[in-house]
Structures are given as C-alpha cells and as structure tokens.
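J.: Here it is, the structure in full.
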Amino acid sequence: METIMVINGPNLNRLGKREPDIYGRETLSDLHERLIKFAEARGYKADCRQSNHEGDIIDWIHEAEGRSSGVILNPGAFTHYSYAIRDAIASISVPVIEVHLSNVHARESFRHTSVTAPVTKGQIVGLGVIGYELAMLALLEGEKK
C-alpha cells in the first residue's frame, strides 16, 4: 500500500486548545484519525507525525524519499524562516504540498511570507482541516498520471 506522509510542525500538538477561533476545535489526534481514514478509503496509508523540533521535521522529510508517494507538510511558524526545512524539501524527489489551517495571508504581516512554499508542489491555506484532504487528493491524482 502506498503511503502519504503527513508532517505537522510546532504547536500543532495544541490543536483544539490553541486559538480555536483560528485553528478550530478538532485536536491533532482527531485530524490524524480523519486523515488515516481518508487515505484508507482511497487505498493509501497516511503516516501522520508531529514535532515541535526542526531537526525531526527535516529527518522525516528526508525519510519520505523512498518510503512515501508524497508529503503533506504544515511547517507551522517554520514556514516563515526555516531555510533548513526548505532545503530538505528541495533535496527530495517526492512531491510536497504545504498546508495551513488558517489563511496566513489574512493574518499578521510576518505570516505572509513562506520560504518553504517555492520548493513545494503547491500550497493550500485557510481551509481548515479540509485543506489536508485536498492536499491528499492532489497527491493521489498525481500518482495516477
């Protein structure tokens, strides 16, 4: 069974508790369970992970090559300044789609810039947890072509 790796970055372990008016009430565990079921219904496996540590995220991106058909990445605040994560994305051959629960472009100005998005297949922002499902569909469609 093909695998899609889902990587969530810093503070996403606080989903459901942290600013629910922005990020929603669904917990990270709820999100992971939802994505696992979503993938299985389409004949795929979702490998869901979360870390508050940049090095873990980099290691997982590297690990995705050879193990996964694609990566869904929510780098959290690392989006705005982690050239190390950007370089990790650029170093692998599997497609990466960046996802953000909130519309980062409608928030504080420092959130408007993504150093990681230019090396991804695409970016989905502001659609809540459905954004992850849309990213998965995009990766699965890419597999069919």
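Indices start at 1 and increase along the chain as displayed.
Glycine is no exception: its Cβ is also placed from the backbone N, Cα and C atoms.
This is the feature table in Swiss-Prot:
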type: ACT_SITE; residues: Tyr23; note: active site, proton acceptor
type: ACT_SITE; residues: His100; note: active site, proton donor
type: BINDING; residues: Asn74, His80, Asp87, Leu101, Ser102, Arg111; note: substrate binding site
type: SITE; residues: Arg18; note: site 'Transition state stabilizer'
J.: Which chain-mates of Asn74 (substrate binding site) that are at least 6 residues away have a CB under 8 A from its CB, listed by sequence?
T.: Ile7, Asn8, Gly9, Leu12, Glu98, Val99, His100, Leu101, Tyr132
J.: In the three-state scheme derived from DSSP, which category covers Asp87 (substrate binding site)?
T.: helix
J.: Measuring Cα to Cα, how far is Ser102 (substrate binding site) from Arg18 (site 'Transition state stabilizer') in Å?
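T.: Cα of Ser102 (substrate binding site) to Cα of Arg18 (site 'Transition state stabilizer') measures 12 Å after rounding.
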J.: Using a 10 Å radius around each Cβ and counting other Cβ atoms from all shown chains, which of the recorded positions Arg18, His80, His100 yields the largest count?
T.: His100
J.: Three-state secondary structure of Arg18 (site 'Transition state stabilizer') from DSSP?
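T.: Its secondary structure by DSSP: coil.
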J.: Taking the Cα atoms as reference points, how far is Asp87 (substrate binding site) from Arg18 (site 'Transition state stabilizer') in Å?
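T.: Computed Cα spacing between Asp87 (substrate binding site) and Arg18 (site 'Transition state stabilizer') is 29 Å.
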J.: Which residue, out of the binding-site residues Asp87, Leu101, Ser102, shows the minimum number of other Cβ atoms inside 10 Å of its Cβ in this structure?
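T.: Taking Asp87, Leu101, Ser102 as the binding-site residues, the minimal 10 Å Cβ count falls on Asp87.
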J.: Reported as an integer number of Å, what is the Cα distance between His80 (substrate binding site) and Arg18 (site 'Transition state stabilizer')?
T.: 19
